[in-house]
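Take a look at the following structure, please.
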């Protein structure tokens, strides 16, 4: 298959369309830069949109609480003011600096060119840890779920949630008032989730099965109909009827090809200085993918790092530009 080529050279290309990448792209527009975003998923929003769109976030400044998808939608609206070029479903495989100082970015579908690059790829590419039962894959896309995009699809249904971390407990609590019944199964006696959430779980109508694991899936072409649970210590088995199974065993993340781009990597993160500069001039990193002394991995911190990365890229392209931008209230 031939790879397309976009010969336009952008001022800045943002790799990763999560919250930090989206805000970086907006800020690039604010600083009158020509911006492109390349995102591997089919939609913007990163893990917020892919993993927990229905969950509330409580540590974004100015929002007492905001649903993850609502935050993504607000970022999209903010971004739309400057109409950046957005390339979805593309994974950057190679990043090369050319003789003229510009960068060539090769994805699985297209070749791109840019004067600077900002990497905001979060934890890198991520895949869910799947249910290790031979027949599980045949139910994916039916009623076996690793991602949840709409809680209402479980209304009035008998739901089994597998896992013992924050996601499993949080989804169980959110499903309780909607589903006909919710059962959570965890292989250990104690949950790893936040203490307050576990307390809520124990006081809810959610049926808790510990220490059990799903041992067998019984179903047909339409999906899973029953799940056989096995007691981890005693080996006793019981079968429960289900309409849907949600697996929250966490995710496996990897920097993937980024490790081969010549960047200084420390503990699966890209090392940057206070200007968000990497060891490659013209390449910057922001958000969860970067690290420096005192780094905290929060969306709120990524929102602060994005304008620094953009302003650094701006002065790299134009040394006469000011690092300190004008206040946005004076621009519109």
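Even glycines carry a Cβ here, placed using N, Cα and C.
So Swiss-Prot says this about it:
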BINDING   20, 39, 47, 52, 92, 126, 288, 329  FAD binding site
Give me the long-range Cβ neighbours of residue 47 (FAD binding site): same chain, 6+ apart, Cβ under 8 Å, in sequence order.
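Listed in sequence order, they are 18, 122, 123, 126.
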Which number gives the other C-beta atoms within 10 angstroms of the C-beta of residue 20 (FAD binding site), all protein chains shown included?
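Residue 20 (FAD binding site): 31 neighbouring Cβ atoms within 10 Å.
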Among all the protein chains here, how many other CB atoms are within 10 A of the CB of residue 126 (FAD binding site)?
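The answer is 18.
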Quick one: among the binding-site residues 52, 288, which has the most Cβ atoms sitting within 10 Å of its own Cβ?
288
Which of these binding-site residues has the least crowded Cβ, counting other Cβ atoms within 10 Å: 39, 92, 329?
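Minimum Cβ neighbour count within 10 Å, taken over the binding-site residues 39, 92, 329, occurs at 329.
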